[in-house]
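J.: Below are the structure tokens for one structure; questions will follow.
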Amino acid sequence: MPTPPLAGGTAGPTHLRPLLDTVLTALHDGATRRNGPLPAGGPDTVTHHTRTTTGPVLPDHGTGPHHALRTLVTALTEGAADPAHPHCAAHLHTPPLALAAAADLAASALNPSMDSWDQAPAASALEADLTRTLATEIYPHTPHPDAVITTGGTEANQLALLLARERHGPLQTICAANAHHSITRATWLLGLPRPVVIPAPRGVMDPTALHDALTTLTGPLLVTATAGTTDTGRIDPLDHIADLTTTHGADLHIDAAYGGPLLLSPTHRHLLTGLHRAHTVTLDLHKLGWQPASAGILAVPDHHHLTPLHHHAPYLNADDDTEAGLPDLLGRSLRTTRRPDALKIAVTLQALGRDGLADLIDRTLTTAHHLADLIDQHPHLQLYARPTISTVLFRPTGTDDTHVATIRRTLLDQGHAVLGRAHADGRLWLKATLLNPHTTPEDHHRLLTLVTHTATRTRTTPAPAPRPAAPPAPRTPAPHTTTEGSNPR
Ligand SMILES: *Cc1c(COP(=O)(O)O)cnc(C)c1O
């Protein structure tokens, strides 16, 4: 076999073009074969089908680029949970914009690594502009805001807690019951005390409970609030929380992984009032920013706040290189080799502009309100609450939690819909996290019909009353009777 060609250089595009043609055909064919938001049959069927169609991962003799691309990309597409399908709405799993995916191809072909200037001369300049621009959106009132690019909200939250620990030593974190699980994990990773968890009635942090915690606890404190919770998409009262942390001298981190991009919508940015008062802000653009994973941000109001991340490795940022003017990039992440995620983000911001981004955000929030309206008007469905961002919780009326979970799994098994699950007010709900701006009212109608039909078909009939003709044997409860709230967490 000839030596495989490379993606870069002047010859790279010539070699890529026919390969891309094969990839695009495979993406199309795989999606056609799936014909729904995810493959039918559940894990065993999909695993078996994927294994048999893809063949050995490492054969003795290679099958060649076109065959391998066609085989594996078709199989992966056929077996995908495709967020571009309007009935794929379980998670903050975004349908990437075509233009962002195209930009990501260029990032892969060029492969700049963001840990030193000599691997990423222009990419590091673009990343610096992009991070400054995004940080300025969050912190418009400080002269030198800055941000680092992360693999997502999890890494951004870890960095936020790390920076707080570097400011104060092993401080106590306070979060509400609605906080993302990565906050607790970050305290574990960083050797910090477990967070003090305060109540979040109706899905938002209770400021009275926060006041009590800030009054009772001693030593340095970090409050982490959430702008767009994973379960209900609610936003904590940020300004009120910032007042409390200011009064009590505590630091504030806001996890705006989901809600952060609302800043770009003049219609909805008021929901984030107070965001700029945080010491650190997490934001994900692979959620309400339509980027392929990954595209996370941690922003700070002043670039000096990132100094604790500075690190020295003579082969990447020797002092004399830095003095001679080579940008020192190693302190922009805890990672070393790092993809230029700035490229796809910058392409998206430039291609859409402020008005295009605002329109995309507003459109998406409108679809959520529309779905909520339909549920509200539906005689057999119950709406948890009006959506704050784009998360809609609902459940068929007259069901219990076990049945709600069964409906979700049945839809997954059939490949008809991907809905999430969330506990709220002591009950289990179906969760639609809407991130697809192309979703139509007809899509919503079809989704709700799927849910109500599945609910009817999977309803466990109550144990029949003993018939008069039946022998008077003592009855034990029917084994299939479901119990409200029996669902383990
Ligand atoms: C998604 C999310 C995270 C985690 O982000 P990843 O990008 O998945 O690492 C953290 N916090 C909130 C509020 C989120 O919605």
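Keep in mind that glycine also has a Cβ here, set from the backbone N, Cα and C atoms.
TrEMBL lists these features:
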type: REGION; residues: 30-65; note: region 'Disordered'
type: MOD_RES; residues: LYS287; note: N6-(pyridoxal phosphate)lysine
type: REGION; residues: 454-489; note: region 'Disordered'
type: COMPBIAS; residues: 463-477; note: compositional bias 'Pro residues'
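Would you situate these features in the structure and describe their surroundings?
T.: Tertiary proximity for the region 'Disordered' (30-65) is limited to same-chain residues at least six positions away from its ends with a CB under 8 Å from its CB atoms, namely 1, 4, 19, 22, 71-82, 85-88, 412-418.
Counting every protein chain shown, the number of other Cβ atoms lying within 10 Å of the Cβ of LYS287 (N6-(pyridoxal phosphate)lysine) is 27.
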J.: Do you know the DSSP helix, strand and coil residue counts for the region 'Disordered' (30-65)?
T.: 19 helix, 0 strand, 17 coil
